[in-house]
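Trainee: Sharing a structure with you now.
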Amino acid sequence: MESPSAHAVSLPEDEELQPWGGAGGPGQHPGRPRSTECAHPGVVEKVRPKWDNPLQFLLVCISYAVGLGNVWRFPYLCQMYGGGNFLVPYIIMLIVEGMPLLYLELAVGQRMRQGSIGAWRTISPYLSGVGIASLVVSFLASVYFNVINTWALWYLFHSFQDPLPWSVCPLNSNHTGYDEECEKASSTQYFWYRKTLNISPSIQENGGVQWEPALCLTLAWLMVYLCILRGTESTGKVVYFTTSLPYFVLIIYLVRGLTLHGATNGLAYMFTPKIEQLANPKAWINAATQIFFSLGLGCGGLIAFASYNEPSNDCQKHALIVSVINSTTAIFSSIVTFSIYGFKATFNYENCLNKVILLLTNSFDLEDGFLTVSNLEEVKNYLASTYPNKYSEVFPHIRNCSLESELDTAVQGTGLAFIVYTEAIKNMEVSQLWSVLYFFMLLTLGMGSMVGTGTAILTPLTDSKIISSYLPKEAISGLVCLLNCAIGMVFTMEAGNYWFDLFNDYTATLSLLLIVLVETIAVCYVYGLKRFESDLRAMTGRTLSWYWKVMWAFVSPLLIVGLFIFYLSDYILTGTLQYQAWDATQGHVVTKDYPTYALAVIGLLVASSTMCIPLVALGTFVTRHFKIREQFSAA
């Protein structure tokens, strides 16, 4: 079998990179072909669109990278792995993994000036499958990710009500008390699971498409279409808004959060070091994973963005800026989250104590005001020793109130965004205002990520001469959004949230690790690190430092292999894959096994992208083999 490196494509002579003022002549852009009209009179080559300025490119990368993971996953990881201690593995992984791989993808896109499929096909025809795999992952991710924007829209619309609909439990059908499911859970959980999702007891009970979520999903996809319909022309304008607004809201929330009662409890919990967690391998694995996925590596979006740059753009500087801003935003949002979390935990803790005080006061006919938080434990011990029989009757109803246990409750994802935050917001003054700000921020973060994902899908399609010759850019964008919206209706069914979790957990993890591993190998060992270094020097005038070379050639690939082995073994050792189902009779989630057909869907999700790489390489090899045989036969 022929080595792929033997077929690494060399660009035509008139497309070879030339230093400024070199063979291309003064003003000739490096890497850009000379005027096609001179070579082929009467033929006008399609000019590739460009960003209006470098700031626009920087903002679109930030908007793509800084997403919901910064708001609802990073704080959870800090909570799980020692608060401030988690920053140690996080920053190390940023240096050895995040920055190098981000620079690699931006450099590839800027050098090849094509979307993910064309860029990797240019390096080697055997690598076309890498770009196709990125396209498949981005498509599958966009199918389910826009559902988050659907929920954000739903909550945003309901945020204008007074009182907020999740602040109190509804009455039962007889109007004799509160709804039983809501009483067993909480008003915020009830609104999420029953009013928003109308969730079924299991993934096997799909139910029908619900018109209200379906309408919100359609609106969400219409918004995405308006953002991406004209490519860089429309995307470049949108990012000024989607990048700046979340920071504006986060700053407002920080000021408000720090003034809330109990905020210091949350911040103390976050920054109190737990040194033993540094010895926990899962802390390092999750730090690497968070860096990897929060930057959007392997999805093709970064390559697509960079392909619209001037070849002389300083992509190394932009890679460093985006990496630092992304991580700084994650830390900043954690401070906001933990201040809110401290307020919620303190409120629940004090509410619990007040219920215990009321129970004991009524049960033992104590004088109002006699029992306080400061003397509660002392009085409880006195009552237990003086009235043992009566206290034993009351004891099962006395709740164990603990601020530490409230703070220890780790929640991520939709649970943090739509239950924990809403629990805190409902207890704030002018709660409608804070609710509108919060869900508008979630919507802009989600839209920023969707713009990037949409670009990752559309760029390879619009780069295709076959597709673009039949359909204008607006039609391609519309068809992609329409198809995504139609498939996304699955997530508006009663079992939709279970399918959302399945897609969220299994669509990208192994696939993206494999894609980025092949990318690093392709650049360093197929295209050639020295050749790529020469290209970068010709484009930007920068010499590649030893740091980038060592990271690309050795450290980052080994780290990715380690992550890949960990997740693969974790899936195998876990045995039967499980999911969290809502039990309305108990008012909390329960763990259930995925049915066989759901496991088949998981396998299909993973295989649909990962298998593109070997299958396309095999197909290319077979095609070349038969062409060579035909040439020999003809001779």
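Note: Cβ is positioned from N, Cα and C throughout, glycine not excepted.
The following feature annotations were taken from Swiss-Prot:
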CARBOHYD  N174  N-linked glycosylation site
CARBOHYD  N400  N-linked glycosylation site
REGION    1-38  region 'Disordered'
TOPO_DOM  1-56  topological domain 'Cytoplasmic'
TOPO_DOM  78-85  topological domain 'Extracellular'
TOPO_DOM  107-127  topological domain 'Cytoplasmic'
TOPO_DOM  149-208  topological domain 'Extracellular'
TOPO_DOM  230-237  topological domain 'Cytoplasmic'
TOPO_DOM  259-284  topological domain 'Extracellular'
TOPO_DOM  341-432  topological domain 'Extracellular'
TOPO_DOM  454-474  topological domain 'Cytoplasmic'
TOPO_DOM  496-508  topological domain 'Extracellular'
TOPO_DOM  530-547  topological domain 'Cytoplasmic'
TOPO_DOM  569-597  topological domain 'Extracellular'
TOPO_DOM  619-635  topological domain 'Cytoplasmic'
TRANSMEM  57-77  transmembrane segment
TRANSMEM  86-106  transmembrane segment
TRANSMEM  128-148  transmembrane segment
TRANSMEM  209-229  transmembrane segment
TRANSMEM  238-258  transmembrane segment
TRANSMEM  285-305  transmembrane segment
TRANSMEM  320-340  transmembrane segment
TRANSMEM  433-453  transmembrane segment
TRANSMEM  475-495  transmembrane segment
TRANSMEM  509-529  transmembrane segment
TRANSMEM  548-568  transmembrane segment
TRANSMEM  598-618  transmembrane segment
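I'd like to know what surrounds each of these features in this structure.
Mentor: Close to N174 (N-linked glycosylation site) in the fold, though at least 6 residues off in sequence, lies no residue with a CB less than 8 Å from its CB.
Counting only same-chain residues six or more apart in sequence, none has a Cβ lying under 8 angstroms from the Cβ of N400 (N-linked glycosylation site). DSSP assigns N400 (N-linked glycosylation site) to coil in the three-state reduction, outside any helix or strand.
Note on the topological domain 'Extracellular' (78-85): residues 269-278, 280, 282-283, 286-287, 334, 338, 410 of its chain, located 6 or more positions outside it, place their CB under 8 angstroms from a CB of the stretch.
Remote same-chain partners of the topological domain 'Cytoplasmic' (107-127), defined as residues 6 or more beyond its termini with a Cβ less than 8 Å from a stretch Cβ, comprise 4-5, 7-9, 11, 17, 31-32, 48, 134-135, 300, 302-307, 309, 311, 313, 315-316, 456, 459-463, 518-519, 522-523, 526-527, 532, 535-536, 539, 616-617, 620-621, 624.
Broken down by DSSP into helix, strand and coil, the topological domain 'Cytoplasmic' (230-237) contains 6 helix, 0 strand, 2 coil.
Below 8 angstroms of C-beta separation, residues 78-79, 81-86, 88-89, 93, 334-335, 338-347, 403, 407, 428 of the same chain, each at least six residues beyond the ends of the topological domain 'Extracellular' (259-284), sit close to that stretch.
Across the topological domain 'Extracellular' (341-432), the DSSP tally of helix, strand and coil residues reads 65 helix, 0 strand, 27 coil.
DSSP labels the residues of the topological domain 'Cytoplasmic' (454-474) in these numbers: 18 helix, 0 strand, 3 coil.
Through the fold, the topological domain 'Extracellular' (496-508) approaches residues 137, 140-141, 143-144, 147, 197, 199-200, 202-203, 213, 293, 299, 413-414, 490, 579-581, 594, 598, 601-602, 605-606 of its own chain, all at least 6 residues removed from its boundaries and within a Cβ separation under 8 Å.
Mean model confidence for the topological domain 'Extracellular' (569-597) is a pLDDT of 88.
Listed as Cβ neighbours of the transmembrane segment (57-77) (distance under 8 Å, sequence separation of 6 or more from its ends, same chain) are residues 51, 86, 90, 106, 148, 235-236, 239-240, 242-243, 246, 286-287, 290, 293-296, 301-302, 305-306, 308-309, 313, 318, 321-322, 325-326, 329-331, 333-334, 337-338, 341, 410-414, 416-417, 442, 445-446, 448-449, 451-453, 455.
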Trainee: With pairs 6 or more apart in sequence, are the transmembrane segment (238-258) and the transmembrane segment (433-453) linked by at least 3 Cβ pairs under 8 Å?
Mentor: yes
Trainee: In terms of Cβ proximity under 8 Å, which residues at least six beyond the ends of the transmembrane segment (285-305) contact it?
Mentor: 57, 60-61, 64-65, 67, 69-70, 73-74, 77, 80-81, 86, 89-90, 92-94, 97-98, 101-102, 105-106, 108-109, 112, 115-116, 119, 131, 134-135, 137-138, 141, 322-323, 326-327, 330, 449, 452-453, 455-460, 508-509, 511-513, 515-516, 519, 559, 563, 566
Trainee: Please identify the stretch among 128-148, 548-568, 598-618 with the greatest number of Cβ pairs below 8 Å relative to the transmembrane segment (86-106).
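Mentor: Against the transmembrane segment (86-106), the leading stretch is 548-568.
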Trainee: Does the structure show the transmembrane segment (509-529) and the transmembrane segment (128-148) touching, where I'm treating 3 or more Cβ pairs under 8 angstroms (sequence separation 6 or more) as a contact?
Mentor: yes
Trainee: Using a cut-off of under 8 Å between C-beta atoms, tell me which stretch among 209-229, 320-340, 475-495, 598-618 contacts the transmembrane segment (128-148) the most.
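Mentor: The listed stretch sharing the most Cβ pairs with the transmembrane segment (128-148) is 598-618.
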Trainee: Are there residues at least six beyond either end of the transmembrane segment (320-340) with Cβ under 8 Å to its Cβ atoms? List them, or say none.
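Mentor: The answer is 58, 61-62, 65-66, 69-71, 74-75, 78-79, 87, 90-91, 94, 98-99, 102-103, 247, 250, 253-254, 257-258, 260, 263, 266-267, 269-270, 290-291, 294-295, 416, 421, 424.
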